[in-house]
Amino acid sequence: MTSRTGLGDDAPLDPWRSRGGRALVLVGLVLLAFNLRPAAVSVGPVLSEIRSALGMSSTVAGVLTALPVVSFAAFGALAPRVAAKVGPHRTTLVALVAVCAGIVLRSRVDSTVGFLLLSLLALAGMATGNVVMPSLVRLHFRRHVGLVTATYSTALAVGLTTASLTTAPIATAYDDWRAGILTWGLTAAVAAVPWVLLALRETPATPEPTQTPQAGASYTLRQVAGTRLGRRMAMFFGFQSLMAYSIYGWFAEIYRDAGFSRDEAGVLLGVIAGISIPLSFLLPVLAARLENLRPMVWTVVLCYPVGYLGLAFAPAPLAYLWAVLVGIGASTFPLVLAMIALRARTPGGTAALSGFTQSAGYVIAVVGPFGMGVLHDLTGSWSVGLVVLTVLVAPLLWAALQVAPQQYVEDELA
């Protein structure tokens, strides 16, 4: 039986089962992960310049900062179907081409509509890569899911941090915000190279005759939506993403309004992202070894409200401390990515859980960045938005605690 996700448990991707082949896949995953955030987070450090050049209001800028989550909700749901038809490697290649084209072309336009549409193209590629990546890990590295997830999560955090830290300095060096965002289109082009090789030799994903019925099972997003684990994972992912895209969409603006320069605001945003680099490696490795992740969830998630309230009411004196705490809270992202892979037994189950978790989760997340812009327009202050984010930590914590004990989506689908 062919998995509807295109990722059967023993799909015969024979050219890549050698040590060299798997090394190429791993390099491809690392480069892919590095490029799955810059298209979104590079906007924040130069958002004031973009708004000035294109004539954007705070509300329209809120639409721009909400586009990542809208794209991930819409295109994430389609990714498993595309992978089923054309294969996961070709799907990943197309995703990276979309990221590259969208970023490069949007750096050349002079209209708000054009910038938004081309951003949507880049973000559609990011959404597709996000959903396919956990399944690729399960497909190629079933015995090392925790370690490989930690590796690509770290690469993702490095990409996010690098874009957050360097976009503003690049823009300053060239005296042009366009140069700051163009850079990340070029890195996406480099990332596509190994996927060209992988895509050229991709074979149909057909399970071998020795598979058990469950291993070769086919799951749809609708089936996963009917499970408690699927719904709670989507809620966990959704509120985590609401936090993350509010942070990376607006915190540079918040810092600048608090009196920091563009470069200083970029550094503070980089601190938030940079804290997640070691945690992106550590948390997935620990998650793969522990049966119950509740102590980890409590420790990480409760850093959010302290950082938010500190930034809201005492931004300048302890700005770096608040940034560190928010960064620790934001490391729930590599944790939820690891849990997507760890809460399924098969590549098919992982792909379906990943597709539903991310597409449904981003429907929740879209409220965050858009709502922050609207609240700022209505109140003239960022404090109200930060207090709202603090309140929303409660459902994030509840959902994370529900999925923390060891469990598998296939058990509810059997």
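Note: Cβ is positioned from N, Cα and C throughout, glycine not excepted.
Note: TrEMBL annotation is automatic and uncurated.
The transmembrane segment annotation in TrEMBL covers 21-40 (among others). Note on the transmembrane segment (21-40): residues 15, 68, 92, 96, 99, 102-103, 119, 122-123, 125-126, 129-130, 133, 136-137, 140-141, 148, 151-153, 155-156, 158-160, 162-163, 183-184, 187-188, 190-191, 193-195, 197-198, 245, 248-249 of its chain, located 6 or more positions outside it, place their CB under 8 angstroms from a CB of the stretch.
If you look up TrEMBL, you'll see 23-407 marked as domain 'Major facilitator superfamily (MFS) profile'.
For 60-79 (among others), the entry in TrEMBL reads transmembrane segment.
Taken from TrEMBL, the feature transmembrane segment applies to 91-109 (among others).
Under 8 Å from some Cβ of the transmembrane segment (115-133) lie the Cβ atoms of residues 29, 32-33, 35-37, 39-40, 43, 50, 54, 63-64, 67-68, 70-72, 74-76, 78-80, 82-83, 88, 91-92, 94-103, 105-106, 109, 152, 185, 188, 351, 354-355, 358-359, 362, all in the same chain and six or more residues away from its ends. Annotation comment: TrEMBL describes 115-133 (among others) as transmembrane segment.
Here TrEMBL flags 145-165 (among others) as transmembrane segment.
Under the heading transmembrane segment, TrEMBL lists 177-200 (among others).
Residues annotated as transmembrane segment in TrEMBL: 233-251 (among others). Panel annotation: around the transmembrane segment (233-251), residues 37, 40-41, 43-44, 47, 64-66, 68-69, 72, 160, 164, 265, 268-269, 272-273, 304, 326, 329-330, 332-333, 336, 339-340, 343, 353, 356-358, 360-369, 371-373, 376, 382, 385, 389, 392-393, 395-396, 399-400, 402-403 of the same chain, lying at least six beyond its termini, place a Cβ under 8 Å from a Cβ of the stretch.
According to TrEMBL, the feature transmembrane segment maps to 266-288 (among others). Outside the transmembrane segment (266-288) by six or more residues, the chain places 41, 44-45, 145-147, 149-151, 153-154, 156-158, 160-161, 164-169, 247-248, 251-252, 255, 260, 296, 300, 319-320, 323-324, 326-328, 330-331, 333-335, 337-339, 342 with a CB less than 8 A from a CB of the stretch.
Residues or ranges marked as transmembrane segment in TrEMBL: 295-314 (among others).
When Cβ-Cβ distances below 8 Å are used as the criterion, the transmembrane segment (320-342) is approached by residues 134, 137-138, 145-146, 149-150, 153-154, 156-157, 233, 236-237, 240-241, 243-244, 247, 251, 268-269, 271-276, 279-280, 283-284, 287-288, 293, 296-297, 300-304, 306-308, 310-311, 350, 353-354, 357, 396, 400, 403, 406 of the same chain, each at least six residues removed from its ends. Taken from TrEMBL, the feature transmembrane segment applies to 320-342 (among others).
Marked as transmembrane segment by TrEMBL: 349-370 (among others).
Positions annotated as transmembrane segment by TrEMBL: 382-401 (among others). Counting residues 6+ beyond its ends, the transmembrane segment (382-401) has Cβ neighbours under 8 Å at 232-233, 235-236, 239-240, 242-243, 246, 250, 253-254, 257, 294, 297-298, 301-302, 304-305, 308-309, 311-313, 332, 335-336, 368, 371-372, 375-376 in the same chain.
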So, taking each listed stretch (60-79, 145-165, 177-200, 295-314, 349-370) in turn and counting its Cβ pairs to the transmembrane segment (91-109) that are under 8 angstroms, which one gives the highest count?
177-200
Residue numbers, six or more beyond the limits of the transmembrane segment (177-200), whose CB comes under 8 Å of its CB atoms:
16, 24-25, 27-28, 31-32, 34-35, 38-39, 42-43, 45-46, 49-50, 53, 87, 89-90, 92-93, 96-97, 99-104, 106-108, 122, 125, 159, 163, 166-168, 170-171
Do any residues, 6 or more residues outside the transmembrane segment (60-79), come within under 8 Å Cβ-to-Cβ of it, and if so which ones?
39-40, 43-44, 47, 50-51, 91, 112, 115-116, 119-120, 123-124, 126-128, 130-132, 221, 241-242, 245-246, 249-250, 355-356, 358-363, 365-366, 368-374, 377
Can you name the far-off residues of the same chain, 6+ from the ends of the transmembrane segment (145-165), with a Cβ under 8 Å from a Cβ of it?
26, 29-38, 41-42, 44-45, 133-134, 137-138, 184, 187, 248, 266-267, 269-270, 272-274, 276-277, 279-285, 287-289, 333-334, 337-338, 341-342
